[in-house]
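Pulled from TrEMBL:
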- 1-12: compositional bias 'Basic and acidic residues' (COMPBIAS)
- 1-23: region 'Disordered' (REGION)
- 37-58: transmembrane segment (TRANSMEM)
- 97-114: transmembrane segment (TRANSMEM)
- 148-165: transmembrane segment (TRANSMEM)
- 177-197: transmembrane segment (TRANSMEM)
- 302-320: transmembrane segment (TRANSMEM)
- 332-351: transmembrane segment (TRANSMEM)
- 415-440: transmembrane segment (TRANSMEM)
Amino acid sequence: MAAHQEKKLAQERKHKTTQNDTQTSQVQWGRAWEVDWFSLASILFLLMFAPLIVYYFIMSCDQYQCSLTDPLIDLLTGNKHLSDIWHKTPMLTSRAAGIYSLWVAFQVVLYMFIPDFCHKVLPGYVGGVQEGAVTPAGVVNKYEINGLQAWIITHVLWFANAYYFHFFSPTIIFDNWIPLLWCANILGYAVSTFAMIKGYCFPTNAKDCKFTGNFFYDYMMGIEFNPRIGKWFDFKLFFNGRPGIVAWTLINLSYAAKQQELYGQVTNSMILVNILQGIYVLDFFWNEAWYLKTIDICHDHFGWYLGWGDCVWLPYLYTLQGLYLVYHPVQLGTANAVGILILGLIGYYIFRVTNHQKDLFRRTDGNCRIWGKKPEYIECSYMSVDGTKYYSKLMTSGFWGWARHFNYTGDLMGSLAYCLACGFAHILPYFYIIYMTILLTHRCIRDEHRCFSKYGKDWKRYTAAVPYRLIPGIF
């Protein structure tokens, strides 16, 4: 009798422990379960004003030669009304709708129906079917990594058309830039709305969904962790990588073609922007398998933040330097051009090597050498929703011993180089470095809050070992 009672009490304690572990783990991954007033206010602001910000920047270039102040001065002095600016804005056209629909459909075909062959012919490239990180529910998704292949096929066809077939002008993107903006908005809102409906009605994995009960927060930050259609069409991987990032280099090439058409030459600043941003895009696709371990895939849910952001914000605001140089061509002195190139390449080197060190450490479980020495690390543990205990290691060697997010430092150096290529006549091309500084600083704080919730006291040990976030000795 006593033995039976003791066994029953032990089972109750175990059940209670599992419940507590599950409750604790609910804040370990992804977005919040509850919405505070500041988060809600921020989300309402972004939902209302982010589309207007994009429109304002593009309109400023189209109607005011990239001046961000002249439209406001005109409105405040009464020289123009909002209706005057709106009526001068190109509207959606059937041509733009056709171009955009064909573009997205083509990227879907490349993503879904052409298995990767690059990993079979390119030494060191990791492609084909790869596994992602474990989700909160303990699921490990598989992905078809073929972004590099999609980028190559797309650009081979682009150059083949530009030099041989001449089906369309290389300036086609610039010439339809604002009508294409409306198409991108339609897709961004459509996919975000569909993702929310899917999360409520037919989620891919119900255990990986989060509901706050607040419509705006759930719409913005997403409900489903990894929404999918069928086995392979993963919303996050497709919209994060395709069609926006594949288009990034095509957009810049279209800007360069327009500069050639208007002025009879392509300036060295435009070439620098194309080269440095092209390196960044190629790096993304070369390391797409590594991207499966980043915050976007491992922690963010799929909502308007990613759906609309990848369709509109990324292609329209990440390419402002090239757009600016169409309206204000800048021919840099040799020393300035070389200095900007070196800054961009050093930034890329830090970004890539830092990420490579982390990837090598993870793949070998610490059985590797960083800067010629066996890496040091903090061992941590955490729980998944189902109560399973996992272990991981946080490296404190190499660049990761300098700062907890030193890869972001390299990213910011590259971002600054893009902007410096445009000179100092206007603030508009510097939006990117301002935005990236805010974004990556916020991401540092958000990621560290999540890690503290996930690892607890082990995270405190890690931050004591690596006290700086971005800049050693400063921040």
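Numbers here mean position along the shown chain, with the first residue as 1.
The backbone N, Cα and C atoms fix where each Cβ goes, and this holds for glycine too.
Any TrEMBL annotation is an automated prediction that lacks curation.
Highest Cβ contact count with the transmembrane segment (37-58) among the listed stretches 97-114, 177-197, 332-351 falls to 177-197 (criterion: pairs under 8 Å). Looking at which of 148-165, 302-320, 332-351 has the most CB pairs under 8 Å to the transmembrane segment (177-197), the answer is the stretch 302-320. If you look at the transmembrane segment (148-165), the same-chain residues 6 or more away from its ends with a CB under 8 A from one of its CBs are 106-107, 110-111, 114, 116-118, 122, 125, 127, 242, 246, 249-250, 253, 257, 281-282, 285-286, 288.
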